[in-house]
Amino acid sequence: MATTDINTAETARDVRTIDGVVDVIASTAPEIRTGLPGRRVTAEDENPSGETQMAADVFADDLLCERIGALDGVGEYASEERPESVDVGTGRLSVAVDPLDGSSNLKPNNTMGTIFAVYEAPLPAHGRDLVAAGYVLYGPVMTMVVARNGTVDEYVIHDDATRELVREDVTIPDEGSVYGFGGRVPDWTDDFEAFAREVEQDPSRKLRYGGSMIGDVNQILTYGGIFAYPTLESAPEGKLRVQFEGYPIGYVIETAGGATSDGTKSLLDVDKDELHARTPMYVGNTDLVAMLEAALD
Ligand code: F6P
């Protein structure tokens, strides 16, 4: 679950690069969004995790690779959409991106996100190598959440690519009121199902699951509660990817005062050495994540 050992050190040399990554993600988001209507069709390939790629996934990945790769100080770029990381320069920072998280929501026109993680290490890196992480949420309003230097800020991104700070030092509300759990219920483990039933017992909590992790996690950041994509009977490692989803969302949630877990420990302490490795994910209020860990024990 949560630990306080979040890496907040930015050397003077890295500051410009991290600023650059955040700027590229923010300034590319309106273009990604504008490019969506014509790209709600499947691409010819699958991504490295065996999922159907949408044309929009490939489009967003190409844009981000080109622009992040051009930044001074970035050595490697990796995304969920390509099998290997790409050497883009000589810098010591690596950037991992999920260009369109939740892209299966494109057809029904539901929320999606772009996730980014900046690591101070070659890829695949470790959660404790993170120096910044965040995401853009393509909802009715385009917003961006950035965790860096021990704080989380939220911005609105306007269509002209300007960014407006709307919430400073965001923290998870104490009384969590929403929960969202992925995976088919018959595929949940008995322990997780028992936990889910316990969470449901509290009449102040409501089910909110949208099928796009960024949409679901942003609800947790806004209303408090717990999001999980758990271990499944058919998939002990769950569905979500460590480098592109687990670590960056773990970093955002823990920086915002919440807790995260893979079932036994903080997501930031997960040890996996494959670029596309998966992990079960549980993120939210500290009391709920503690309750989850006790239930799975
Ligand atoms: O990254 C994959 C993803 O789209 C996440 O954004 C989301 O949480 C999950 O898959 C949804 O999976 P499912 O379709 O099994 O609910």
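Glycine residues also receive a Cβ, built from the backbone N, Cα and C atoms like all the rest.
These features come from TrEMBL:
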type	residues	note
DOMAIN	43-158	domain 'Fructose-1-6-bisphosphatase class I N-terminal'
BINDING	Glu80, Asp98, Leu100	Mg(2+) 1 binding site
BINDING	Asp98, Asp101, Glu245	Mg(2+) 2 binding site
BINDING	Asp101, Gly102, Ser103, Ser104, Tyr209, Lys239	substrate binding site
DOMAIN	172-296	domain 'Fructose-1-6-bisphosphatase class 1 C-terminal'
Within 10 Å of each Cβ, count the other Cβ atoms, then let me know which of the binding-site residues Ser103, Ser104 comes out lowest. Ser104
If you count other Cβ atoms within 10 Å of each one's Cβ, which of the binding-site residues Glu80, Asp98, Asp101, Glu245 has the most? Asp98
Neighbourhood of ligand 1 - binding-site residues from Glu80, Leu100, Gly102 with Cβ under 6 Å: Gly102
Within 10 angstroms of Asp98 (Mg(2+) 1 binding site), Cα basis - binding-site residues out of Ser104, Tyr209, Lys239, Glu245: Glu245
Counting each residue once, how many in the domain 'Fructose-1-6-bisphosphatase class I N-terminal' (43-158) are helix, strand and coil under DSSP? 21 helix, 55 strand, 40 coil
Once DSSP output is merged into helix, strand and coil, Glu245 (Mg(2+) 2 binding site) belongs to helix
Proximal but sequence-remote residues of the same chain as Leu100 (Mg(2+) 1 binding site) (Cβ under 8 Å, at least 6 apart): Ile32, Met54, Ala56, Asp57, Ala60, Leu106, Met112, Gly113, Thr114
May I have the DSSP-based helix, strand and coil counts for the residues of the domain 'Fructose-1-6-bisphosphatase class 1 C-terminal' (172-296)? 54 helix, 22 strand, 49 coil
Extent of the substrate binding site in Å [max Cα distance among Asp101, Gly102, Ser103, Ser104, Tyr209, Lys239]: 15
For each of Gly102, Tyr209, Lys239, count the other CB atoms within 10 A of its CB; which of these binding-site residues has the top count? Gly102
If you measure between the CA atoms of Ser103 (substrate binding site) and Glu245 (Mg(2+) 2 binding site) and round to the nearest Å, you get 14
